[in-house]
């Protein structure tokens with residue numbers, strides 16, 4: 001291609017040197033942390049996350065997650081005294097003003113990990129209003145009160161571990177003896193719960209099983225079972241203990257999908273023909289009612305699957321959550337619930353169209369301690 005006039009051919013100029021439109025005033029400049037500046041050293045967690053928010057990629061999503069959590073926690077509505085009687089439900093702060101009802105969900109592996117202590121901090125300090133966990137998220141909390149979990153390697157061969165009676169959760173190791181200790185601990189409690197159930201039905205009649213929402217009655221639900229376990233463990237390192245102390249319900253719609261399910265199964269043989277009964281219908285009414293009564297609803301979801309959808313579906317009952325923060329590594333391309341972005345939940349009415357929402361694509365054990373340090377624990 002000849003060039004006798006010293007100019008670029010128009011095709012090159014148009015393709016490579018295309019002019020940009022003026023940059024809008026509200027565009028945010030990409031900047032990172034300059035550690036050569038004194039103010040960038042020994043930063044507080046909140047300042048670190050604020051600085052990361054302009055980095056781009058998941059650092060910016062992390063910053064947005066913290067902003068949303070700060071907003072869901074700081075929102076206040078009307079004072080209780082200004083509300084009609086039927087509106088005096090939901091969550092209120094210590095001064096009597098409406099606040100966001102925060103639903104937190106987490107998967108069992110996060111309790112197996114060292115994130116348990118972070119989650120316990122939130123429950124101990126009444127920073128969430130309801131929890132949805134998988135069965136492992138219940139039993140692993142109790143088991144850690146009875147025996148330790150250890151660091152291992154992702155690459156440890158399963159056959160050798162099985163021969164040694166060691167169970168692997170990622171790069172964590174749980175001796176099988178821990179589950180034996182769990183069985184020894186829980187079976188007498190199940191025996192007592194069955195006895196209380198049978199005595200109650202005998203004294204009240206079978207009608208007592210119908211629509212029984214008495215928190216203290218031995219007409220058991222998964223959340224009542226978990227509350228009882230928190231009471232019985234009586235250990236301040238336990239999430240369940242603090243949930244019991246602070247009257248924070250822990251819902252577990254798949255309570256049989258784990259070691260607890262094994263224990264309940266074994267118990268049917270021991271107690272036969274009597275059986276301990278768990279009413280899941282009362283629990284779905286309870287969590288859905290909490291959502292319907294909330295002045296505003298916020299979701300903090302760590303992981304995916306059942307715990308994510310159970311909270312989102314509860315928020316459908318109020319035409320969607322007002323705030324949503326997802327932290328997981330799931331991708332949406334297989335159509336999984338875990339991988340779905342918040343906008344998919346908007347299409348179902350589970351998150352409001354004008355809600356503040358974000359998904360952080362990251363391992364929750366890396367990200368959530370930073371989130372808590374910059375939000376809940378920064379006061």
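Positions of Cβ are set from backbone N, Cα and C atoms, glycine also.
Residues annotated as active site, nucleophile in Swiss-Prot: 350. In the structure as shown, the Cβ atom of residue 350 (active site, nucleophile) sits within 10 Å of 25 other Cβ atoms.
Residue environment of residue 108 (NAD(+) binding site) contains 22 other Cβ atoms, counted within 10 Å of its Cβ in all protein chains. When secondary structure is read from DSSP and collapsed to three states, residue 108 (NAD(+) binding site) falls in the helix class. The NAD(+) binding site feature in Swiss-Prot is assigned to 108-112, 134-136, 140, 257, 304, 329-330, 363-364.
The spermidine binding site annotation in Swiss-Prot covers 139, 140, 262, 309, 335, 336, 337, 344, 345, 346, 347, 348, 349, 350. Look at residue 335 (spermidine binding site): DSSP puts it in coil. Around residue 335 (spermidine binding site), no same-chain residue at least 6 positions away in sequence has a Cβ under 8 Å from its Cβ.
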**Q.** Rounded distance in angstrom between the Cα atoms of residue 112 (NAD(+) binding site) and residue 345 (spermidine binding site)
**A.** 28
Q: From the recorded positions 139, 337, 347, 349, 350, pick the residue whose C-alpha lies nearest to the C-alpha of residue 364 (NAD(+) binding site).
A: 337
(Q) Using Cβ atoms only, which residues of the same chain lie under 8 Å from residue 140 (NAD(+) binding site) while being at least 6 residues apart in sequence? (A) 108, 111, 112, 116, 149
Q | Cα-Cα distance linking residue 337 (spermidine binding site) and residue 350 (active site, nucleophile), given in Å to the nearest integer | A | 13
Q) Hey, how far is residue 304 (NAD(+) binding site) from residue 139 (spermidine binding site), Cα to Cα, in Å? A) 19
(Q) What's the number of neighbouring CB atoms sitting within 10 A of the CB on residue 110 (NAD(+) binding site)? (A) 26
